[in-house]
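Student: From TrEMBL, here are the annotated features:
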type	residues	note
DOMAIN	1-317	domain 'Major facilitator superfamily (MFS) profile'
TRANSMEM	6-30	transmembrane segment
TRANSMEM	51-73	transmembrane segment
TRANSMEM	79-98	transmembrane segment
TRANSMEM	131-152	transmembrane segment
TRANSMEM	172-193	transmembrane segment
TRANSMEM	205-221	transmembrane segment
TRANSMEM	227-245	transmembrane segment
TRANSMEM	266-286	transmembrane segment
TRANSMEM	292-313	transmembrane segment
Amino acid sequence: MISIGISMSVLFIYLIIFFFLLNSIFSSLYKPSLSAMIIEATSDNNRRKVFRYNYWLVNLSVALGISIGGIFFKEYSNYIYIIAGLSTLIVSIIYYKYMRNYEKEKSSIKENPSIKKIFYNYSYAIRDKSFLYFILAGGIIFSSEWHLTNIVSVNLSKNNIVNSIGNYSFDAAKTIAFLQVINTFIILLLSIYIGKYMERYKVKYVLLIGTSFYSFSYLFMLTTNNIYLMILLIIIASLGELVFAPSYQVAQVNIMNLDKKGSYSALGSLATQSSSLIASLTLMISQYLNTYFIFIILLLLSIFAILTLYTVYNKRMESV
């Protein structure tokens, strides 16, 4: 019986790994498709507004997921899995129902692309060097937030830093969680208002300001263990994120070849996917280098990324 129990537990682990891989694969497939749908359904006049609401809804869903999981997962994990599965199934049916009508309308106008045409579209997007530079720079910028849960968290834990506010004490894990709660709260509360206010400014200037606030604030957290300074930095970083993230999506669309938006959207998703890889590699290197040296390297990389985003976008829009 013990051997059966062990074999079942091992099988369960393999099943988790298998379905996690499936989730990653299909996420990589459907997210570019959804991005392409949003691009096609919007115009230059309303795209910034749509991406702003989309960004807010994504953060709301993440906050709700974390809250529900934190409260109910321990005692009701089976029910949460069932509800999550049913919700996903319902959403899939809704997508299928409405997308079928959408595809019928498109098929009457355009012929179905061949496999050769699909590969050509992807190769065309990959050969667009300025777009690749834009995506690489975006990956570097997005990796800034990962340094909070990677390098900053490890440094606090390794040095046994315990912060306190009044009678409340915060170890490394609680400090990071507290900062993430502040970040989520600011984004949910101010996302719509700040995004609406920033619409009066040109995208290139919004990108420059937002990326600077966002990236530099997270990087300066590497240089301090003071919780009050970290709170100030996370507030600035959150405001920078509100300015930067939706505008980055709009800028990415503006420099695409919209005739091949699906291929460009798939390539564009590499920015967020590569950010975790960049942060993980940085964490590995940080074990062998001084934190301040890592800070200087990341600061120079961020400056390079910010200037690349601004330059690529500016030149691309001037050539239109």
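For all residues, glycine too, the Cβ spot is worked out from N, Cα and C.
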Student: Over the domain 'Major facilitator superfamily (MFS) profile' (1-317), what does the predicted model average in pLDDT?
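Tutor: For the domain 'Major facilitator superfamily (MFS) profile' (1-317), the model's average pLDDT rounds to 77.
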Student: Grab the same-chain neighbours of the transmembrane segment (292-313) for me: Cβ-Cβ under 8 Å, and only residues 6 or more beyond its ends, written as numbers and ranges.
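Tutor: For the transmembrane segment (292-313), the nonlocal Cβ contacts are 130-131, 133-134, 136-138, 140-141, 144, 147, 151, 203-204, 207-208, 211-212, 215-216, 219-220, 222-223, 248, 251, 254-255, 282, 285-286.
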Student: Cβ pairs under 8 Å with the transmembrane segment (205-221): which stretch of 79-98, 131-152, 172-193 has the most?
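Tutor: Answer is 131-152, with the largest number of Cβ pairs below 8 Å.
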